[in-house]
Amino acid sequence: MVKRECHPLLKGERGERKYRHGFFGYEMESLASICEVVIPPLPPLKDEEDELNNKDVTKSFSNISASQHPYPHEVAEILVKRGLIEAVILIRVILWVLATRLGTLLLCGSLCVGGKWPFINNFSNMPLEKREKVVQKWLKHRFLTPIRLAFAYIKVLCVYCFFSSVDEKGENPAWKAIGYEVAADEKQNNVSNNNRPLQKGIIETMQEQSDSTLQQSLAKKGLNVTMDTKTNTLKLKCDAVVVGSGCGGGVAASVLSSAGHKVVVLEKGNYFASQDYSSLEGPSMDQLYETGGILASVDSRILVLAGSTVGGGSAVNWSACIKTPQNVMKEWSEEHKLPLFSSLEYQSAMETVCERIGVTEFCKQEGFQNQVLRKGCQNLGLKVDYVPRNSSGNHYCGSCGYGCPKGEKKGTQETWLVDAVESGAVIITGCKAEKFLLETNTNGRRSERKNKCFGVLAKALSSRITMKLQIEAKVTVSAGGALLTPPLMISSGLRNKNIGRNLHLHPVLMTWGYFPDSNSELEGKVFEGGIITSVHKVPPRDSESSDTRAIIETPLLGPASFASLCPWESGRDFKERMLKYPRTSHLITIIRDTACGVVTSEGRISYKLSEMDKENMRIGLQQALRILIAAGAVEVGTHRSDGQRIKCGDIGHGKIEEFLDNVWPMEGALSPGEKWNIYCSAHQMGSCRMGATEKEGGVDENGESWEAEGLFVCDASLLPSAVGVNPMITIQSTAYCVSNRIVDYLKNV
């Protein structure tokens with residue numbers, strides 16, 4: 001691999017560094033011994049694909065262990081930095097217990113007993129094969145669920161670090177063995193290293209040297225800035241301040257600035273242009289996603305992916321651009337009493353959005369996983385559709401989830417925000433909103449709202465900037481997304497009961513099928529080609545229903561994500577699975593969830609599927625497995641904790657149906673029972689939904705808070721319920737309508 005040029009933050013070079021996790025030596029011994037169980041040193045493995053050419057590489061992969069430096073320290077570092085506090089406490093307690101002989105005896109039983117003094121070993125001194133047996137028992141124990149949750153946490157972080165870390169050349173010692181590579185240069189030929197579309201309006205706080213230089217940079221952008229040393233605050237004024245730059249915030253900034261208003265956009269993430277992207281999984285996830293792509297619900301049932309960079313979710317979206325389904329618009333209009341969604345205004349907004357972000361309907365060349373989905377559906381006589389994308393039909397990029405290095409995918413940082421900057425908008429990056437500024441509404445136009453919002457208080461994330469930023473504006477727009485808008489509103493003193501509730505996540509479970517290279521009809525590897533170009537919609541249970549039961553698509557799974565979700569049965573089995581990585585096709589089953597979760601504060605999500613959701617998920621999983629089998633997979637399975645799978649070969653139809661009958665979505669690792677699942681979510685919506693009244697929503701149909709005049713919400717949290725498809729077009733179209741209503745509001749301020 002030739003090292004590509006990229007932004008320093010996206011290089012991810014692993015070097016000597018000082019760790020700040022604070023783990024004691026005995027905790028690190030226990031942690032390293034668990035990491036060794038997860039990825040152990042083994043005798044040579046057999047590589048089915050290329051035994052002769054890869055013999056030395058496979059041998060090296062067999063020998064390597066996750067207990068080697070620096071992997072355990074990296075695990076501890078990420079755990080402390082990204083994990084929920086109760087997870088950190090749980091894991092540290094268990095590591096402490098395992099560092100003692102008595103604690104090991106309690107948790108491991110007779111397996112820790114040796115033939116020599118002191119007879120009872122602590123966990124790290126037990127033979128590897130016995131440690132593995134202990135972990136296997138933990139994973140299936142019906143009642144020791146906190147221990148298996150702790151192991152699941154460690155396992156995910158361990159394999160994630162192991163398969164995502166890179167050296168100064170951008171390489172990982174395991175990648176060659178598992179057949180993975182990052183293309184050396186996928187950039188467009190006409191993209192210059194100096195061509196940063198938003199540079200005209202960007203202020204990057206991480207580049208500022210002091211409060212004074214930040215003040216100067218703000219003033220140069222035409223902002224009225226004063227320094228208040230008494231309150232240690234930089235105060236600036238504008239017409240509109242937008243918190244967030246994603247699908248909602250980008251559209252809002254564009255519409256408002258194009259109407260002649262001075263707009264300031266606050267974004268806590270950093271700005272990267274197309275030439276900055278590295279396509280390296282680890283550093284890209286760390287910089288482009290909320291909590292580095294490692295955000296779990298409070299019970300660790302579901303892993304959540306949400307964008308956290310300039311462009312938000314649109315910068316890392318897998319390119320799917322699907323209009324709001326007719327049945328969803330009808331439901332929102334009639335059942336939720338929101339006529340906007342049945343109006344010509346909304347239909348026109350969808351057309352405007354699709355035109356601005358360059359949506360195309362056809363894909364010229366599909367990648368390996370989408371070939372599998374299409375072939376399986378065709379062999380079963382099932383309908384399979386092309387997925388519209390915000391890129392050209394020739395777009396063949398398998399790493400758009402790490403930012404599109406070709407610059408062909410049109411996120412808000414390539415479209416709406418460019419329009420905003422050209423109209424004079426200013427985007428401040430590395431700047432986190434802390435609370436909205438509210439005052440008693442004594443002379444507002446809407447006296448029924450007891451508060452009036454006059455801006456936002458924020459802080460720069462750079463340690464060199466010590467002053468807070470107080471941005472005063474005629475209107476304030478919250479566009480931080482369904483996970484961050486509710487905590488910000490709650491911390492500002494708003495009390496509407498809908499804020500933080502009604503959270504929908506489009507939960508996902510995956511199925512997989514292995515296709516050896518000998519299956520020459522299906523070309524390529526899992527990391528090549530467009531991420532989502534095909535979709536199969538599982539039809540409703542009866543003709544009277546218009547709701548699709550599930551949709552089946554294909555995911556982006558780099559080796560670290562693949563390893564994190566892959567069930568662990570033993571060290572050998574896990575390494576053998578990884579050797580099959582490039583030809584193991586995954587299908588994702590997504591449901592339009594009826595269950596509602598809660599986001600109570602930043603990073604704390606509670607969520608549980610309803611019985612109807614579980615049934616729809618079951619039907620979708622079974623259909624996905626049928627598709628994989630019909631496409632020619634030699635082995636298929638799920639991500640259930642016990643490694644549920646079946647070799648297809650010459651087995652009869654009856655055996656396959658018997659296997660499918662046992663495919664069910666399980667509860668999470670903390671729930672009693674031997675088997676469990678880890679769910680995923682890449683779509684979050686509804687947590688501050690529109691409502692016809694304040695009892696039914698956190699904001700009105702115009703997106704304005706029921707409690708604070710001049711405070712608008714313009715992101716996925718507005719949506720009344722789950723959409724059932726990728727929500728990007730729905731979010732941008734709703735934001736477009738709301739933004740135009742904000743323009744009308746400003747005419748009278």
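Cβ from N, Cα, C; glycine included.
Unlike curated records, TrEMBL annotations are generated automatically.
Features as listed in TrEMBL:
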type	residues	note
BINDING	238-253	FAD binding site
DOMAIN	239-275	domain 'FAD-dependent oxidoreductase 2 FAD-binding'
DOMAIN	285-508	domain 'Glucose-methanol-choline oxidoreductase N-terminal'
DOMAIN	604-735	domain 'Glucose-methanol-choline oxidoreductase C-terminal'
ACT_SITE	His683	active site, proton acceptor
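Sequence features, as recorded in TrEMBL, placed on the structure.
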{"residue": "Cys238", "record": "FAD binding site", "CB count, 10 Å": "21"}
{"residue": "Ala240", "record": "FAD binding site", "CB count, 10 Å": "29"}
{"residue": "Val242", "record": "FAD binding site", "CB count, 10 Å": "36"}
{"residue": "Gly244", "record": "FAD binding site", "CB count, 10 Å": "30"}
{"residue": "Gly246", "record": "FAD binding site", "CB count, 10 Å": "36"}
{"residue": "Gly248", "record": "FAD binding site", "CB count, 10 Å": "36"}
{"residue": "Gly250", "record": "FAD binding site", "CB count, 10 Å": "35"}
{"residue": "Ala252", "record": "FAD binding site", "CB count, 10 Å": "36"}
{"residue": "His683", "record": "active site, proton acceptor", "CB count, 10 Å": "28"}
Ala252 (FAD binding site) and His683 (active site, proton acceptor), distance between Cα atoms, whole Å:
20
